[in-house]
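Notes for the one structure printed next.
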Amino acid sequence: MAENGESSGPPRPSRGSAAAQGPASAPAEPKIIKVTVKTPKEKEEFAVPENSSVQQFKEAISKRFKSQTDQLVLIFAGKILKDQDTLIQHGIHDGLTVHLVIKSQNRPQGQSTQPTNAAGTNTTTASTPRSNSTPISTNSNPFGLGSLGGLAGLSSLGLSSTNFSELQNQMQQQLLSSPEMMIQIMENPFVQSMLSNPDLMRQLIMANPQMQQLIQRNPEISHLLNNPDIMRQTLEIARNPAMMQEMMRNQDLALSNLESIPGGYNALRRMYTDIQEPMLNAAQEQFGGNPFASVGSSSSSGEGTQPSRTENRDPLPNPWAPPPATQSSATTSTTTSSGSGSGTSSSSATGNTVAAANYVASIFSTPGMQSLLQQITENPQLIQNMLSAPYMRSMMQSLTQNPDLAAQMMLNSPVFTANPQLQEQMRPQLPAFLQQMQNPDTLSAMSNPRAMQALMQIQQGLQTLATEAPGLIPSFTPGVGVGVLGTAIGPVGPVTPIGPIGPIVPFTPIGPIGPIGPTGPAGPPGSTGSGAPPGPPVSSSAPSETTSPTSESGPNQQFIQQMVQALAGANPPQLPNPEVRFQQQLEQLNAMGFLNREANLQALIATGGDINAAIERLLGSQPS
Amino acid sequence: MAATTGSGVKVPRNFRLLEELEEGQKGVGDGTVSWGLEDDEDMTLTRWTGMIIGPPRTIYENRIYSLKIECGPKYPEAPPFVRFVTKINMNGVNSSNGVVDPRAISVLAKWQNSYSIKVVLQELRRLMMSKENVKLPQPPEGQCYSN
């Protein structure tokens, strides 16, 4: 009968392979199977053709999990699935589950930071306090970095980026992922001496315009910076890596406790949005993006900022090293959740100071320095960029304005501890040096690779000469070479984060080339008695294409030679008697009422001459 | 599952192992361990491979550890032999060949027939998080024991 008609019946949708409706496809097509992909944090279902390869499967997964295919590791039934295998080969059928691990790309030591981040974009609020703790603790670092002009980024560890800010980023990443390096940095005595000077730290930090902005918005930060106790404590802790870790742990604990207080989570969130975010965003231009941008936007921030294993030293995707002490402020924040806002903001600022210090130093001690120099010679533009960077400028300026500060920094350099007379001589020369740094001629000299090479050659030549024919030196007019070197090496100074210290410290990494040995004929009084006056004009020409030495003056040359001498003399450094060194400090301590000379001396030796720290040691407790 | 309900019921080995195979394929558990037959044609269901994903906040974080598990003829009355394929530095694991010492791991030492491969793997993972193991320095990633 007709009615029966052809019910065309239910339309027969010819389902494409994208159908996710289970096994209803046409027989000729490969069967679509539903496979669940499970990560430790979440799981998703995927519908893929049965005969697809693992590679194709990964591509589909990478879209949904927002990572790259080479970051994905698939595991099924205890086996890792290789890209060229097929799903059938492993027996993956409909309804089965495959495990997924998302690796990070930057894992020099095998500890990954990204995977949790990538995998955990929608996570439970329970993980929020953790993640908030790390942003809090880490965001301060970008500031510290910024304030020093991120010069630390310069020890690029051989990265070949020509873009300065890229260099910085890479540096940060490398730094972060390498706890050993962090340790190395922190243990560098130069860092430590730097860190022990709160005034210096404060000044450097204040010089950063972003910091200034932040301070305007959050006056607590300026309180923090101005509070010498906190600064000192921070720096103290910064010097002690083990303590640092402890602090970080405590802070994390405190913060997670905070979360459990009613209203605590909100406070944390406020903290983050009010303080960290602007800080991070402000630092963004230098660090290539706010890693926490996505974190802040979702109410439950990603596991990505979960502090990684061990002592929370390595707070994951944040761009900068973990700051040390926030413990004092952290504890206050736990007690008063309302005060937590200010507490943590102060803590993050504290972190700044230390972070600043973190980066200042070890530049010299890392092998990266060598490669950096090499890069510099290869890439003049880099230097131009570097030197013209605004923060660099501001730092230089602040140093010029405050010659004492600069003097102090320089003098703390280990090179000089061996040679107090040199210190005295250096002092007056400092302003001249600083001038030189800012001299655009200097800049162009530095950016001239041939000039740099020539200088290197001169140095090498002088060194060879020194070893081959030491007697020849005085008659040779090394003043020329050294003078040229000195001034030209001076400009290499800014390569290191501390401008004026530059000329001195980079001698160390230029180590093999550097120690000109006895070529500094006009030795400082008391060293070699050869006393050939430095006068020699820049007549006999070193093959120099530098333009800066034209401003060479007698005192400058002499100064430089003395420096060189000191450098030579500083290997190996012999410390004069500590009593003599600390004579002045001992007297001060005496005047304050610490009458036990032995104990004073011990404390001074232990703190390297820092009176404030020595006092703390003597008192035997940390004033809070 | 059926193995544990009646105290007197002894489930034959192969049934147990088939159950475990199915669980392994279905991804039962939290997704941090995985196990399956080493060779799908293995009719004796003896050789298994396992995988443990290193727990976060430990030194094992984000590493994937591969293991070989051998369920002998007396399984599940007797514990399986477990051996790490990926190099690992952990208490209870022989550092030269990766063999897990049954006396050192509690689930193996006090094995019960209700335990399973999943339990063993999860226990090993839990031990990675224990104080004594959580910070042990590890060999570089990707190395395997030679045998």
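One is the number of the first residue shown, and numbering goes on along the chain from there.
Note that Cβ sites are derived from N, Cα and C of the backbone, with glycine treated the same way.
Since the structure is predicted, the reported quantities are computational estimates derived from the model, not experimental observations.
The feature compositional bias 'Low complexity' is assigned by TrEMBL to A:14-32 (among others).
Residues annotated as compositional bias 'Low complexity' in TrEMBL: A:113-141 (among others).
The compositional bias 'Low complexity' annotation in TrEMBL covers A:294-304 (among others).
TrEMBL lists A:316-325 with the feature compositional bias 'Pro residues'.
Per TrEMBL, compositional bias 'Low complexity' is recorded for A:326-350 (among others).
Per TrEMBL, compositional bias 'Low complexity' is recorded for A:538-555 (among others).
What TrEMBL records for A:33-107 is domain 'Ubiquitin-like'.
What TrEMBL lists as domain 'UBA' is A:581-621. Across the range of the domain 'UBA' (A:581-621), the DSSP-based residue counts are 31 helix, 0 strand, 10 coil.
Taken from TrEMBL, the feature region 'Disordered' covers A:1-32 (among others).
The region 'Disordered' annotation in TrEMBL covers A:106-141 (among others).
The region 'Disordered' feature in TrEMBL is assigned to A:287-350 (among others).
Annotation comment: TrEMBL describes A:512-556 (among others) as region 'Disordered'.
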Stretch-averaged pLDDT - the domain 'UBA' (A:581-621): 83
Counts by DSSP class (helix H/G/I, strand E/B, coil) across the domain 'Ubiquitin-like' (A:33-107): 18 helix, 29 strand, 28 coil
